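Some features that Swiss-Prot has for this protein:
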TRANSMEM  6-26  transmembrane segment
TRANSMEM  65-85  transmembrane segment
TRANSMEM  87-107  transmembrane segment
TRANSMEM  136-156  transmembrane segment
TRANSMEM  178-198  transmembrane segment
TRANSMEM  277-297  transmembrane segment
TRANSMEM  304-324  transmembrane segment
TRANSMEM  402-422  transmembrane segment
TRANSMEM  441-461  transmembrane segment
TRANSMEM  505-525  transmembrane segment
TRANSMEM  546-566  transmembrane segment
Amino acid sequence: MNPINLVQLLFFLSVLLVLSWPLGLYAARVYQGQPCVMDKILGPLERLLYRISGVDASREMDWKIYALVMLGLNAFGMVFVYVLERLQGGLPLNPLHLPGVDPFVAVNTAVSFATNTNWQAYAGESTMSILTQMLGLAVQNFLSAATGMAVAVALIRGLARRETTHLGNFWQDLTRSVLYILLPLSFVLALLLVWQGVPQTFTGQVEADWLDPAPHVAESISPDTPSTDQPPAKQTIVLGPVASQVAIKQLGTNGGGYFNVNSAHPLENPTPLTNLLEMLAILLIPAALCHTFGVMIGDRRQGLAILAAMTILFAGFAALTLAAESVPNPTLSGIGVPAVPSLEGKEVRFGTAGSALWAAATTAASNGSVNAMHDSFSPLGGMWPMLLMQLGEVVYGGVGSGLYGMLVFAVVTVFVAGLMVGRTPEYCGKKIEPFETKMAALVILIPPFLCLAGTALAAVIGPADAVSNPGPHGFSQMLYAFSSMGNNNGSAFAGLTATSPFWTIAGAVAMFVSRYWLIVPVLALAGSLAGKKRLAQGPGTLPTHGGIFVALLIIVVLVVGALTFVPALALGPIAEQLALFQ
């Protein structure tokens, strides 16, 4: 990796960490019901929403009711989006007169957006109407992100409270996440994107003159036979309320693009400045929630330890991705091609560094938006983002889900440390006993099972024409797909055709299970911890805010998360990389 790339990485991380600190403190005040700067503006609206919906925000819930209410809201969201997709052909705000969405794709999309995955088995600009994009997909971008934040806050309360069954009120946590955090940040980011040229309009499309006076003229079959193909007189450019959807798709670590090529499209991400702003938006809330955790638990050092582990892991994987994409393809050596970094599948306005750093950020978080085609990365350049997903989306991770995922790994870390010293493990003053260990094991083991079992199933019975490349890279496409869907990321090796019934239904099942079969054990863990006494730290207690704990946590994440996938990675990207040197 050259020094310029290193400077970019360090600058990005510095800005991210500086911005995350005040946001994390602000979020802690929001969730603790303390006065904050937005109270005068949003307080009356919050109370009005409670009155209209009949919610008693002062009534707290135990973990079972919290989980039941959360599941009910998300189930309703899935059904609503599915119906909206199927009926969009007869609904307003459809200037391109797009028909209803295929039922298999509609199911996949409804589950995808409700689970914060945003896997897209469709081309946004040619499949979804403006109404579907706004009322269906954008609304789920807010609600799915707020759901993850609410669950994370419930787990924090479980660690902070003592001898109680109450974890808070889901409706209040959801509402405050949207009103006080997601909406203001999205509004500011959308304005910045509009300033940089991202459209925000209800106009369906516009026609424009070609810059090239004679584009796309087909070549003649023979020099003596002139071509009869005529270039179109105008080019058609699809528009829509793009800026508002891009803002929440990044801030909520959703990732679903308004256009088919996502943030590689010049109307979603037109300049290097928007590229930086959107990358910061992807990781901002996940990083900030670490500070929120420290404040709410009463020991800011605990949050800093979690943030340090996340940042060290991200910096390492980002550096590896940058290094892999900064070297020329070995197969081009010796044939007169200049030894320059590969720009295949990348936008020139972002270059290799901007594309590789985005790839690391979008897969570290459960975001999945792309500004370059990961399928065109070098074998190792594509493997490191894939491995970031396979770690369980805990390296910053999704909004809320990244924090509660890393806290689960922290529980496993103190359990392992307790085994080594022969005493009952503790975390934040709470004893970690068999029930907590079982819930943590469920959360950690389900995503790898979904990834590996889904890939095996696709290799055996999946449609053969879905894979565009034979050999190791074709296997990598399938492994990447289920690693993405099984960890609620949503990015893809785009050479995979994922519109068949097998891929849409299998993907929907993987996304559903990896979201809710993890959230329920996390809430059960929170409920169990909330009922425990908080113990004073003794001489044999492992400090969970120091460098030793951070190092142990990183090792546990790498050993438990990464080693699970070594055999599969050996069949895919590693084999492909070795083949380049033959």
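Just so you know, glycine gets a Cβ as well, placed from its N, Cα and C.
Beyond the transmembrane segment (441-461), the same-chain residues lying 6 or more positions past its ends with a Cβ under 8 Å from any Cβ of the stretch are 390, 392-393, 405, 408-409, 412, 475, 478-479, 481-483, 485-487, 502-503, 506, 510, 513-514, 517-518, 521-522, 525, 560-561, 564-565, 568. The transmembrane segment (6-26) is in contact with the transmembrane segment (304-324), judged by 3+ CB-CB distances under 8 Å for residue pairs 6 or more apart in sequence. If one looks beyond the transmembrane segment (304-324) by at least 6 residues along the same chain, the residues whose Cβ comes under 8 Å of a Cβ in the stretch are 1, 5-6, 9, 13, 17, 20, 283, 286-287, 290-291, 293-294, 352-353, 356-357, 359-361, 364, 377-378, 380-381, 383-385, 387-388, 391, 394-397, 402-403, 406-407, 410, 544-546, 549-550, 553-554, 557-558.
For the transmembrane segment (402-422), the most Cβ-contacting stretch among 65-85, 178-198, 277-297, 505-525, 546-566 is 546-566 (pairs under 8 Å).
Each of 65-85, 178-198, 277-297, 505-525, 546-566 was scored by its Cβ pairs under 8 Å to the transmembrane segment (136-156), and the highest score goes to 65-85.
Proximity of the transmembrane segment (277-297) to the transmembrane segment (178-198) is established through 3 or more Cβ-Cβ distances under 8 Å for residue pairs spaced 6 or more apart.
With a threshold of 8 Å between CB atoms, the same-chain residues lying at least 6 positions outside the transmembrane segment (178-198) that come near it are 23, 26-27, 30, 36, 38, 42, 45-46, 49, 142-143, 145-146, 149, 242-244, 246-248, 250-252, 267-271, 273-274, 277, 281, 284-285.
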